[in-house]
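Peer 1: Quick one: structure below, then a few questions.
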Amino acid sequence: MAQYARCGVMEEEWRKGPWTAEEDRLLVEYVKLHGEGKWNAVAMLAGLKRNGKSCRLRWVNYLRPDLKRGRITPYEESVILELHARWGNRWSTIARSLPGRTDNEIKNYWRTHFKKKGKSTSRNTEKLRARLLKRQQFQQQQLQQQRYQQDEIDMKKIISLFYENDTKLSTSDESSHELVVHTSPLVEQEVLPEAPNDLSIWDGLWSMDDLHGNNCLNRAIYQHNLVSHFF
DNA sequence: AAAGGAGTCAACCGCCATTCG
DNA sequence: GCGAATGGCGGTTGACTCCTT
């Protein structure tokens, strides 16, 4: 027999699948009245035949008013790359550094754009590489502008500090170390200089799947591959 | 023009951590 | 202290759209 949930709606009657406009409306009204949280009460209070998890997900990923719509910008992409290199698949942590973007959005973006390891040089892969290479160069130009006045010695000091911090980060509470990205006036512009011949930077990018988890050494190597191209 | 592949997005599932009685 | 309820997160899937051949 069907079991009854606490709110009186039969477990087997939870609706699944795509949300309707009416369900969205009910959920938005509920949040306006009661605020976020208490998601399991939504079914009873808003008249929705959705479980709490489904309601929360719908709100967080789609209905929240502060969500940013549209494609991931080159700048956001560079932030994702950088934070993923540091934190791996901690999508919610990465999302906190990108206001208006959800962990789900970033996760989807990553999987479709960067999780291409192992596939050899098909035409699509080449296109993707070319596209990403341009983005990478954009990121490079950003960094160069930020460090315009610094000489190489200072740079190396920064790198050594960078590695030190990374090692510390891997053993401490990472949630308190959100990356602050300083933007330059050029940040939102599409500046696409000539492509360099050296494609070794891709070695780091295309093998990033291997860098997940706690392998800090590999992560450091990857970061070095990225950063070393700027000097 | 049609078929197949790739990209995109929304949603579900299972696990884990936290909260609460 | 313990167990159930709840919320949050990452992984995965499926449907739809767009692009290429």
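Here the Cβ of each residue, glycine as well, is placed from N, Cα and C on the backbone.
Bear in mind that TrEMBL entries carry predicted annotations, made automatically and left uncurated.
Summarising the annotation, TrEMBL assigns domain 'Myb-like' to A:11-63, A:64-114. The feature domain 'HTH myb-type' is assigned by TrEMBL to A:15-67, A:68-118.
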Peer 1: Across the domain 'HTH myb-type' (A:15-67), what is the average pLDDT of the model, as a whole number?
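Peer 2: The predicted confidence over the domain 'HTH myb-type' (A:15-67), as a mean pLDDT, is 86.
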Peer 1: Using DSSP, break the domain 'Myb-like' (A:64-114) down into helix, strand and coil residues and give each count.
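Peer 2: Result for the domain 'Myb-like' (A:64-114), in helix, strand, coil order: 31 helix, 0 strand, 20 coil.
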